[in-house]
Amino acid sequence: MSSVVVVGTQWGDEGKGKITDFLSEHAEVVARYQGGNNAGHTIVFGGVKYKLHLIPSGIFYKEKICVIGNGLVVDPKALLEELKYLHDRGVSTDNLRVSNRAHVILPYHLKQDELEEASKGDNKIGTTKKGIGPAYMDKAARIGIRMADLLDREAFKEKLERNLAQKNRLFEKMYDTEGFSVEEIFEEYFEYGQQIAQYVCDTSVVLNDALDNNHRVLFEGAQGVMLDIDHGTYPFVTSSNPIAGGVTVGTGVGPAKVTRVVGVCKAYTSRVGDGPFPTELHDEIGHQIREVGREYGTTTGRPRRVGWFDSVVVRHARRVSGLTDLSLNSIDVLTGISTLKICVAYKYNGEVIDEVPANLNILAKCEPVYEELPGWTEDITGVRSLDELPENARKYVERVSELTGIQLSMFSVGPDRNQTNIVRNVYEA
């Protein structure tokens, strides 16, 4: 039995999709455990670039089972659009499995998301307006509609009628806008369910059977640790748990069955949306990193905020996710910068602190304590081993591993999968 979790160690967009795709080659099952279509990942496969938001990265390997676990919230319309996107490009999806316990995003979730975000004014969270938060709210409030309900005509209609009575009062009284009729949603979404039905099953059984038969299972996280609803920069977070612990609740696989946890990070830091960002760069170097690294959101197209590598953040991720391995991406983006900086601690009111404060007012006032390292000018995009890196690039990579306390297992020097290099095999480590 071998199972590996891929976790983002920063604010998402660390290159998890590429690393998951890379590791998928040696897995027999690939599963997502949280989030929804708010997370985008770009994958280059067979020389073609694909953008996925919901379906696991392993879908391009038709012999591998791909699972959308119970911890996700699924927009049926978006899922069908993504399936069509793949079918139109000749990609089979017969290997997809969708949990019958996954919650469903409906039109009122999308509307609620947009209205709530607009009402917050300057205090907005930076939501992608995909209905993710409201769907998780309904799940916690025990009024959510699950995939199993969507496939049951009577159950779906009964729950939809109940929910709309409540949601429409919310829209009318709080937002002074019209709600939805049952007719506007019911037939359309029931039909979506019928189109998805062939993929729906108890995915906990699928995953545990695979593990019990000594198959390699890869768990794919979305977003990142700093967007985790419990351990991230709350409230500027997502509505689920991207940390490795999310695997257990989001797939129905016990924690003892997880063997390795790979933390993925960039050689710098980026984030989309609002919230404190201690190492953020507003200068020409920041602009250079953004343009060279093509730092624009896969889902939103928004320019990402960028900054120096923050080892305080990644150490936090190591602790709360139990990281065993490090995958360092986008090292090539730093080429040509004469002096590189790594944040080793924060300074607040004259005191040096080594951990991420829970109080965001404190975090916003933290000043990064930097360690400087010399940069490099050599083209490293063709490098295939640590020894081939220029001395300064290798020292930078090694210092990141030292400061975070995580053993390096992979590093990337470009966006293509053949630019990802293995230092040690995470399935056998």
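Glycine is no exception: its Cβ is also placed from the backbone N, Cα and C atoms.
Over in Swiss-Prot, the protein carries these features:
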{"type": "ACT_SITE", "residues": "ASP13", "note": "active site, proton acceptor"}
{"type": "ACT_SITE", "residues": "HIS41", "note": "active site, proton donor"}
{"type": "BINDING", "residues": "12-18, 40-42, ARG304, 330-332, 412-414", "note": "GTP binding site"}
{"type": "BINDING", "residues": "ASP13, GLY40", "note": "Mg(2+) binding site"}
{"type": "BINDING", "residues": "ASP13, GLU14, GLY15, LYS16, ASN38, ALA39, GLY40, HIS41, THR128, ARG142, GLN223, THR238, ARG302", "note": "IMP binding site"}
{"type": "BINDING", "residues": "THR298, THR299, THR300, GLY301, ARG302, PRO303, ARG304", "note": "substrate binding site"}
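Locations of recorded Swiss-Prot features on the structure.
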residue: GLY12; record: GTP binding site; CB count, 10 Å: 30
residue: GLY15; record: GTP binding site; CB count, 10 Å: 21
residue: ASN38; record: IMP binding site; CB count, 10 Å: 27
residue: GLY40; record: Mg(2+) binding site; CB count, 10 Å: 19
residue: HIS41; record: active site, proton donor; CB count, 10 Å: 24
residue: THR42; record: GTP binding site; CB count, 10 Å: 17
residue: THR300; record: substrate binding site; CB count, 10 Å: 17
residue: GLY301; record: substrate binding site; CB count, 10 Å: 8
residue: PRO303; record: substrate binding site; CB count, 10 Å: 14
residue: ILE331; record: GTP binding site; CB count, 10 Å: 26
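Comparing C-alpha positions, ASP13 (active site, proton acceptor) sits nearest to ARG304 among the binding-site residues GLY301, ARG304, VAL413.
GLY301 (substrate binding site) falls outside any helix or strand according to DSSP and counts as coil.
Ranked by how many other Cβ atoms sit within 10 Å of their Cβ, the binding-site residues ARG302, ARG304 place ARG302 at the bottom. For the binding-site residues GLY15, LYS18, GLY40, THR300, ARG304, a Cα to Cα distance of within 10 angstroms from THR128 (IMP binding site) holds for THR300. Of the recorded residues, ILE331 (GTP binding site) and ASN38 (IMP binding site) place their C-alpha atoms 26 Å from one another.
Only HIS41, from the recorded positions ASN38, HIS41, THR300, place their Cα within 10 Å of the Cα belonging to GLY15 (GTP binding site). In terms of Cα distance, none of the binding-site residues chosen from GLY12, LYS18, PRO303, ARG304, VAL413 sits within 10 Å of ASN38 (IMP binding site). The shortest Cα-Cα distance between VAL413 (GTP binding site) and any of the recorded positions HIS41, GLN223, THR300, GLY301, ARG302 is the one to HIS41.
The Cα of GLN223 (IMP binding site) lies closest to that of HIS41, out of the recorded positions HIS41, THR42, THR300, GLY301, PRO303. For ASP13 (active site, proton acceptor), the Cβ neighbour count at a 10 Å cut-off comes to 28, with all displayed protein chains included.
In the three-state DSSP assignment, the secondary structure recorded for the residue listed as 'active site, proton acceptor' is coil. For the binding-site residues given as THR128, GLN223, the lowest number of other CB atoms within 10 Å of the residue's CB is seen at THR128.
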